[in-house]
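Below is one structure, written out as structure tokens; the observations come after it.
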Amino acid sequence: MDIIFYHPTFDTQYWLKALLTALPGARVREWKRGDNQPADYALVWHPPVEMLQGRDLKAVFALGAGVDSILSKLKAHPDMLADNIPLFRLEDTGMGEQMQEYAVSQVLHWFRRFDDYQALKQQARWEPLTDYQREDFTIGILGAGVLGSKVAEALAPWGFPLRCWSRTRKDYPGITSFAGADELSPFLQGTRVLINLLPNTAETVGIINRGLLNQLADNSYVMNLARGVHLVEADLLKALESGKLKGAMLDVYSKEPLPPESPLWAHPRVAMTPHVAAVTRPAEAVSYIARTITHLEQGESVTGRVDRQRGY
Ligand SMILES: NC(=O)c1ccc[n+]([C@@H]2O[C@H](COP(=O)([O-])OP(=O)(O)OC[C@H]3O[C@@H](n4cnc5c(N)ncnc54)[C@H](O)[C@@H]3O)[C@@H](O)[C@H]2O)c1
Ligand SMILES: O=C(O)[C@H](O)CO
């Protein structure tokens, strides 16, 4: 079995070695321009079109959770990957735990009013504030898939009212499930902390806009952990100014790296990280991919296949 690997920034040598260890007998090579030799599987992130074009592969693995960038490249170059070649993505592989850490720590930061105390400290003001109550702190998670459900699971023991919104109804213990476009408004009403973990698709681009933000509870918070295109940044800034929103925690942006002129940098109630909420953990990813390839080779069923029509 031949495997080709391409990632613009990862430590390729580490991956090649780890893949060889996990799949003894496989031939694994870094793909370089001009390499047209046959391959069975391709592991990629932001691949050049020529890497995949015309290849008769058994499967392609995206080396991340989101497949928006490869699907948009496929749209521009439909001959890059034949329709019958399955595209897989990483399911969790350590990203769930990272999202849990991120979301829980930020929710508690807001709930315990550390944002307010930070602002008071800057003015050298000693001022105990009224506690927030859990029942006024409903958390709504947009997207209840692999990562959204992990975040919900980690928040559940803290006792906040929890709800999620997804395409189809979920049956997660202790979490109210809202499903489909018709239930988006009821999901938003009463939500105090909105956490976004949707995939980037034609249906979800720009979903966190003025109309959506206006439906949240007053003094709400927004955490965007999915993709920058989900959020209309100008609408977020207006909602912060109007007082509708109390704060935002952003990991992803309409343009990355975020340009220096973006007003988000200087906004006192916007906290930011540079698209690091959950990164690919090589060891977990390699064992996931190796396991999936082994199942595919044995004709067994696997999960993680992207529905290219649906867009995730
Ligand atoms: N910031 C980061 O570091 C980082 C890291 C990993 C993943 N991500 C992002 O997180 C996203 C989610 O990852 P995942 O593994 O949980 O994906 P997933 O496919 O397992 O879950 C997606 C969820 O969104 C819901 N959904 C999709 N379209 C919908 C629609 N139109 N209406 C209602 N619900 C809809 C699905 O029902 C599902 O519950 C990824 O696509 C990626 O963009 C970001
Ligand atoms: O989708 C992912 O895996 C991360 O956001 C990295 O882009």
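Each Cβ is built from the backbone N, Cα and C atoms, and glycine gets one as well.
Curation does not apply to TrEMBL; its annotations are automatic.
Now, the feature entries from TrEMBL:
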- 105-277: domain 'D-isomer specific 2-hydroxyacid dehydrogenase NAD-binding' (DOMAIN)
- ARG227: active site (ACT_SITE)
- HIS275: active site, proton donor (ACT_SITE)
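Under a cutoff of 8 A between CB atoms, and with a sequence separation of 6+ in the same chain, the neighbours of ARG227 (active site) are GLY66, ASP68, LEU198, PRO199, ASN200, VAL252. Predicted-model confidence for the domain 'D-isomer specific 2-hydroxyacid dehydrogenase NAD-binding' (105-277) is 98, expressed as mean pLDDT. Around the residue listed as 'active site, proton donor', a 10 Å sphere centred on its CB holds 17 further CB atoms from the protein chains shown.
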